[in-house]
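Peer 1: Got a structure for you, written out below as structure tokens; questions coming shortly.
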Amino acid sequence: MPGILDRVLRIGEGKILRKLNKLKDQINSIEDDFVDLSDAELRALTDEYKQRLKDGEELDDLLPEAFATVREAAKRTLGQRHFDVQLMGGAALHFGNIAEMKTGEGKTLTATLPVYLNALTGKGVHVVTVNDYLARRDAETMGRIYRFLGMEVGVISPEMSPAARRKAYQADITYGTNNEFGFDYLRDNMARSLDNCVQRGHHYAIVDEVDSILIDEARTPLIISGPAEQNSRWYVEFAKIAPRLRRDVDYEVDEKKRTVGITEAGVAKVEDWLGIDNLYESVNTPLISFLHNAIKAKELYRRDRDYIVKDGEVLIVDEFTGRILRGRRYNEGMHQAIEAKEKVKIKEENQTLAKITLQNYFRLYEKLAGMTGTAVTEAAEFQQTYNLGVVPIPTNKPMIREDLRDLVYKTEEAKFQAIVEDIAECHERGQPVLVGTTSVEKSELLSKMLKRRGIPHEVLNAKNHAREAAIVARAGKLGAVTVATNMAGRGTDIMLGGNPDFIAAEELQERGLSPLETPEEYEKAWPEALERAKKEVEAEHQKVVELGGLYVLGTERHESRRIDNQLRGRAGRQGDPGKSRFYLSLGDDLMRLFNGERVQMIMNRLNLPDDQPIEHKMVTKAIQSAQGQLEQQNFEIRKNVLKYDEVLNRQRQVIYAERRKVLEGADLREQVRSMIDDVLDSYVRSATAEGDPEDWDLEHLWTAFSQIFPVSFTADQLIEENGGDISVLTPDIISQRVREDAHEVYDRREAEIGEETMREVERQVILQVMDRKWREHLYEMDYLQEGIGLRAMAQRNPLIEYQREGYDMFQEMLEGIKEESIRFLFNVEVRVNQPQESQITAASAAATASAIPLVAPEAEKTEDKAEDAQEAEESAASAEAAESAKDTAQDKDAESVAKKAQAVVPALGKEEKQPEKLQYSGPSEGGGVEKRTEDTGPDYANTPRNAPCPCGSGKKYKKCHGAPKSRV
């Protein structure tokens, strides 16, 4: 199917390119009209375009003028004019396609065209980058164009407060990483107040390095988790057992799939050592996960490759970028197993609170587009999964880079010796070299060898990535030798002789100028700084060109051809010369796992010495075959992830939509009344499903009713109301009567405490119940998915079984939300203090064990009474009102909700306590899994004085953490 679809997609490319070419000519034809405009006139066009949109004009109609406007603004701010091919790329992005543009063709500048055009709608545009550095850099650099045209620009970064995030999303254009956008979406759907939501919809997004984000990283879901109960002693116990087990005897390892399997012999040994009869008895099944993780930690996770141990802590190293992922942890107890293996302190495990895959997050956008240098090979997957077409954009200048054949050595030692010799030759003649490695370990090994040879070089890996952009920007200078993990520093152009834009920006930064903090001074100083930088690199650029340009040297093939091509693409940008070559050994992971035996056999037959490489078409084909197998395997994994997540995605859409209704308070009273009816009807249906009325257990049914609300009549009274004959009773009669009674009780409660207070109580209660039930459901769905594969042994389709059981569990959860919410709403005690205050008290009026008690916040009991009285006096309209408010303040347990609608319901039981720290797990920049732990401490700094305090006490901020005594 993908093959046929690929051919169909390619047939349409010519038609799209003709359309883009026509638009390009149209933009060029009006360029002079914009050159003659003053800065003020150019800026005024933004308001004109917005008005034309309001008057009914379409975005497509504005495209030529808007693009010409941005082109002229870029010339005046950055000194850069969009090439014709960039105009074509920008149009492709506007129409919701993926623009395939080779490295160095200016994707970042290209994106400014459709970003500006779509930002005119006022709905917000999201620009998605692969890391925080690029998000900040692009927001600053490209932001100069947008700000010149009167647009606001925001950037999202992990350390930002909710208020700062909200402000960034309110901007016309928002830059950030895929993980940050996704996590904000999940957090918004965990928020207890609209004030805590930061995003304002999903209108249009442009994803940079779209193949990396939407394909390579798609199989790793975004997960927000909190601490869960665990027994850490089992990690230690199994860390002792794993070394005693023998590979291929007691267990088997599949390195391709990164899985392990215990054999019968291994099971027998483990049972003997643990003193248990059967490892697979239900009481012992949790131990299987500990065992598997311990073996994985032993066989699949290597120190200094996958992680490092520093200061008694296990820190993950990104497999592809080589960065240390501080605060990130592996899932499913894997990190704890590694900690036990390394004999460091074992940190707590986490429970999933919210979860979504990148595939489903990006499908939320009304319009989606992307940019990359390598997308055509994945065109079918982009079309099937995201409904995105791929448009290959021509290069501005012909590509003349020379890609040399791979050299394969018998041993890794011989390979690295040959690499050092090659680097030494290039360095001696002054040709710059960029060396790509696959791990921190390999980059440090090569660095030591280069030092021994006396070759000066820069190392770019997890231990010095703070300088990576500066190092990469200078990697094209004469004699430069840069050793970098494969993906490090991407997004920064390696220009022969040096990067003048980077040099100019660095100079202004040293002078204390910033495009954000001092925009006017920065713009005034920029032209001169850029001119100086261009003169500095001009002569050196020519010398490097004469030497053959940048030489990219790969020390190992990656599992994806796309990553290899991205590394190669560092050389030969914008028509410059360059060359690339990969050095391999039979010990490389890719060669060892796929087809390495064939190459080994040939080398043995030829009796080649270790330092003699083999260079042949067959080797290239074998490598391509290996990479193809891995790519296909990963594609199947992504498809499988999507199929299973689609089940959860539909459930998530339903629960998030219902949650949003509650959060907004729309028709909340009617929602609660509907819940009451549904729960009571369910009770009646269950009790009257079988037999005649004489057989129904009405006493048991009334007991169930009384656990929900104080029912005011008995079953006997209902029979009397219907002529004293039980046989005339029907389920409808019972339902109708009990509903009316429940509505009357609820209406009385509302009249007692006030409509506004009741709505706030309803909102907080339902949200807390809904969130807890959803968390429990996520846990149960994870547990279901873990074991669903075993259904295949019973000749059942695991996916269909997962869909069926997942649906049943979801329906059960929805019923549970309704029942628990109304039970709480009927039984919570609300005390009304007349005339000024209404509060939710600490007590629960529930008569049954099933009612959920409320616990008053301790902060309220220790409130400074004098401060409360003073605040009450300030807000009183008269002396009498002030005296009344002072009396109220002396005995208050919570903030007024009747006047301000700011009631905050305390946690529904111990388990509802919000965790102090949340953990964020998502795909890393290079396709691995990365985690960070974030303190969920309240955002006090940006809280208005009269808003509820973020600590959750239920009091106003000015009377809680905003009080003078609390301001430190």
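Placed from the backbone N, Cα and C atoms, the Cβ positions cover glycine too.
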Peer 1: May I ask you to find which of Asp406, Asp422, Asp493 Swiss-Prot records for the ATP site already listed with Gln86, Gly104, Glu105, Gly106, Lys107, Thr108?
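Peer 2: Of Asp406, Asp422, Asp493, Asp493 joins Gln86, Gly104, Glu105, Gly106, Lys107, Thr108 in the ATP site that Swiss-Prot records.
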Peer 1: May I have the list of same-chain residues other than Gln86, Gly104, Glu105, Gly106, Lys107, Thr108, Asp493 whose Cβ is within 8 Å of the Cβ centroid of the recorded ATP site, in sequence order?
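Peer 2: Close Cβ neighbours, site residues excluded: Met101, Thr103, Leu109, Thr110.
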Peer 1: Based on DSSP, name the secondary structure state of Asp493 (ATP binding site): helix, strand or coil.
Peer 2: coil
Peer 1: Below 8 Å Cβ to Cβ and six or more residues apart, same chain only. Which residues does that give for Gln86 (ATP binding site)?
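Peer 2: Residues satisfying the criterion: Glu105, Gly106, Leu109, Thr110, Leu113, Asn396.
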Peer 1: If you count Cβ atoms within 10 Å of the Cβ of Gly104 (ATP binding site), leaving out that atom itself, what do you get?
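Peer 2: Within a 10 Å radius of the Cβ of Gly104 (ATP binding site) lie 22 other Cβ atoms.
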Peer 1: Across all protein chains in the structure, which of the binding-site residues Glu105, Asp493 has the highest Cβ count within 10 Å?
Peer 2: Glu105
Peer 1: Tell me the coarse DSSP state (helix, strand, coil) of Thr108 (ATP binding site).
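Peer 2: The residue in question, Thr108 (ATP binding site), is helix (DSSP, three-state).
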Peer 1: Across all chains shown, how many C-beta atoms besides its own are within 10 angstroms of the C-beta of Gly106 (ATP binding site)?
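Peer 2: Here the count is 19.
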